[in-house]
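Notes follow the structure.
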Amino acid sequence: MIAEPIRVLVTGAAGQIAYSLLYSIAKGDVFGKDQPIILILLDIPPMLPVLDGVVMELQDCALPILKEVIPTDKVEVAFKDIDAAILVGSMPRKEGMERKDLLKANVAIFKTQGAALDKYAKKTVKVVVVGNPANTNCLIASKSAPSIPKENFSCLTRLDHNRACSQVAMRCGVSSDQVKNVIIWGNHSSTQYPDVHHAKVNLQGAETEAYQAIKDDAWLRGDFISTVQQRGAAVIKARKLSSAMSAAKAICDHMRDIWFGTKEGEFVSMGVYASGNSYNIPEDLIYSFPVQIKNKTWKVVDGLPINDFSRAKMDATAAELVEERDTALDFLSQ
């Protein structure tokens with residue numbers, strides 16, 4: 001029995017993150033090795049010739065589950081009956097650009113895409129927003145798609161989560177799969193709070209609290225946090241381009257966990273709708289929490305003990321998100 005193809009949309013599809021991402025999706029790393037896929041690639045009109053090149057390459061990969069590739073610059077084509085949307089395309093910050101101007105440009109983009117989701121997509125569609133400012137873009141898209149459940153929207157903080165895991169693993173001299181339950185709280189920005197108070201490291205077969213495994217509180221409360229917060233900038237400085245390979249890998253991890261669920265006893269970080277959480281985070285934000293996922297449904301891991309150090313950091317990133325949201329909603333109402 002061959003499964004029906006699912007329709008997967010990637011926006012900003014001619015860009016460099018998509019270039020790393022599309023191959024992984026098309027070869028079955030995200031939705032499964034035997035799940036046929038129709039890939040829909042959306043970009044702006046000037047990028048269509050580039051998109052044609054990407055389509056040729058996808059064809060030339062000769063991938064068995066890739067049934068069709070549809071390049072387009074029209075939202076009514078792109079969003080039609082889709083099962084999953086990975087919204088990578090956004091207005092990037094240009095040199096000397098105020099964050100406010102960046103927000104204004106992105107509100108327009110994500111209002112349009114939210115409206116297109118509302119009008120054309122399946123109501124069960126799972127939407128992941130990658131384009132920055134990701135949390136606020138995700139909120140705007142969700143508000144512009146009132147007929148799609150808020151729970152179907154999430155934004156990517158898995159790259160930060162993976163960065164934090166990797167830093168802990170390197171520090172302990174283990175591979176990154178031996179580290180679990182790090183948390184990214186808040187905004188996908190330099191105010192995010194990478195938290196390892198609940199993380200465990202597998203050392204020679206024994207699960208050890210991260211703080212005990214590392215035995216260096218000063219590093220964990222100082223350089224570790226700033227390294228994760230500033231990692232994107234460090235990559236740009238070195239490569240002269242923003243993270244693409246690692247971003248694509250994180251998108252795959254995020255979407256695969258939505259599709260297939262998280263492992264028993266483990267949680268991952270994603271930006272989700274902050275209603276009714278036990279951490280006193282203001283409602284009506286997309287905020288990164290630890291979540292567990294089952295049957296394509298996420299649940300915030302509630303009730304973790306939070307010390308004063310963590311509390312201050314969680315509140316600071318929430319304050320930034322509130323300010324971003326209020327600015328964005330002003331633009332939205334104009």
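Every residue gets a Cβ built from N, Cα and C, even glycine.
Sequence annotations record features per position, and here TrEMBL assigns active site, proton acceptor to HIS188. Taking the Cβ of HIS188 (active site, proton acceptor) as centre and 10 Å as the limit, one finds 29 other Cβ atoms among all the protein chains shown.
The NAD(+) binding site feature in TrEMBL is assigned to ASP43, ASN106, VAL130, GLY131, ASN132. In this view, VAL130 (NAD(+) binding site) is surrounded by 28 other Cβ atoms within 10 Å of its Cβ, with every protein chain counted.
Annotation comment: TrEMBL describes ARG93, ARG99, ASN132, ARG163 as substrate binding site.
Residues annotated as domain 'Lactate/malate dehydrogenase N-terminal' in TrEMBL: 7-153.
Per TrEMBL, the feature domain 'Lactate/malate dehydrogenase C-terminal' maps to 157-331.
Across the residues of the domain 'Lactate/malate dehydrogenase N-terminal' (7-153), the predicted structure has a mean pLDDT of 96.
By the criterion of other Cβ atoms within 10 Å of the residue's own Cβ, the least surrounded of the binding-site residues ASN106, ASN132 is ASN132. For GLY131 (NAD(+) binding site), the count of additional Cβ atoms within 10 Å of its Cβ stands at 25 [all protein chains shown]. The subset of recorded positions (ASP43, VAL130, GLY131, HIS188) lying with their Cα within 10 Å of the Cα of ARG93 (substrate binding site) is empty, i.e. none. There are 14 other Cβ atoms within 10 Å of the Cβ belonging to ARG99 (substrate binding site).
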